[in-house]
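Positions annotated as GTP binding site by TrEMBL: 133-139, 158-162, 227-230, A284. According to TrEMBL, the feature Mg(2+) binding site maps to T139. Under the heading compositional bias 'Basic and acidic residues', TrEMBL lists 17-40. Residues or ranges marked as region 'Disordered' by TrEMBL: 14-40.
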Amino acid sequence: MSGVVRTLSRCLLPAEASRDPGSSKDRSRERDAAQEREARRRSREIDAMLARERRAVRRLVKILLLGAGESGKSTFLKQMRIINGHEFDQKALLDFRDTIYENVLKSESVKYFLDNLDRIGQLSYIPSKQDILFARKATKGIVEHDFIIKKIPFKMVDVGGQRSQRQKWFQCFDGITSILFMVSSSEYDQVLMEDRRTNRLVESMNIFETIVNNKLFLNVSIILFLNKTDLLVEKIRTVDIRKNFPEFRGDPRRLEDVQAFLVQSFSRKRRNRGKPLFHHFTTAVDTENIRFVFHAVKDTILQENLKDIMLQ
């Protein structure tokens with residue numbers, strides 16, 4: 001009778017209670033092992049993804065455009081879009097119309113826009129690429145442009161140059177490969193919009209001195225762009241640079257003398273003069289000039305940062 005009771009008791013117990021305890025532990029260990037294998041697989045995938053991202057970031061050539069307001073940084077960035085085949089679509093072209101209308105009344109490109117006033121004044125007017133290059137509007141915030149040259153990714157970053165915008169520069173310093181420092185070379189007789197007592201060229205020199213001697217940029221190639229050569233050619237015919245820079249020695253009507261003085265003035269701001277100061281004379285509204293100059297700049301940047309961008 002007792003045997004029958006034990007048999008019935010086993011039948012009435014839950015299924016788990018009647019199983020072999022050893023087999024349950026085996027299954028638990030198998031589940032744990034499977035979960036561990038899955039966790040390791042996911043970890044390897046994440047590590048591989050992070051490694052790819054690190055290589056991509058390391059390979060990225062990040063170029064920061066710095067300089068005082070109205071030095072031509074935004075125009076240079078527009079040229080990069082055009083040169084690298086990133087054309088402005090219809091909406092982007094139309095968005096420039098109001099800026100161009102303002103520039104007709106007040107800008108350093110007034111002559112260009114007045115010469116094209118009949119075309120600009122038409123109801124059906126759509127800005128041309130050249131109109132956009134001559135159009136001036138202060139950069140607010142940070143503008144980026146990405147492009148690829150010979151399978152190398154480039155990121156060019158433009159930050160506003162007015163004093164009120166310069167605190168944003170620090171947001172862009174991480175991971176930069178090179179700095180293109182832009183100067184309006186024709187503004188040696190002009191003062192800042194935000195400070196009517198400070199000469200624009202002196203302001204540019206002071207900013208350059210801060211950047212070029214900063215320990216953050218010891219391993220960053222800094223290239224000086226003396227921009228607006230076309231306006232400088234016109235300016236030296238009528239405005240003697242010695243009025244604002246009496247230390248100038250040379251012919252104030254000779255372009256080469258004035259440009260040499262500007263290069264020397266900026267070069268003297270460097271504490272470490274062991275390295276050459278790479279510099280170029282540019283006209284940002286001239287697409288072919290910028291195409292030629294950037295070809296040389298690109299080679300300089302790649303050579304200076306060969307190991308960091310993993311070209312070896």
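Cβ coordinates are placed from backbone N, Cα and C, and glycine is handled just like the others.
Here the features listed in TrEMBL are placed on the structure.
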residue: L133; record: GTP binding site; Cβ contacts under 8 Å, 6 or more apart: T75, K78, Q79, A284, V285, T287
residue: R136; record: GTP binding site; Cβ contacts under 8 Å, 6 or more apart: E70, S74, T75, T99, N103, S107, E108, S109
residue: N227; record: GTP binding site; Cβ contacts under 8 Å, 6 or more apart: S71, G72, F76, M182, V183, S184, S185, T282, T283, A284
residue: D230; record: GTP binding site; Cβ contacts under 8 Å, 6 or more apart: T283, V285, D286
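Counted within 10 Å of its Cβ, the other Cβ atoms near T139 (GTP binding site) come to 18, all protein chains included. DSSP assigns T139 (GTP binding site) to coil in the three-state reduction, placing it in neither a helix nor a strand. In the three-state DSSP scheme, N227 (GTP binding site) falls into the strand class.
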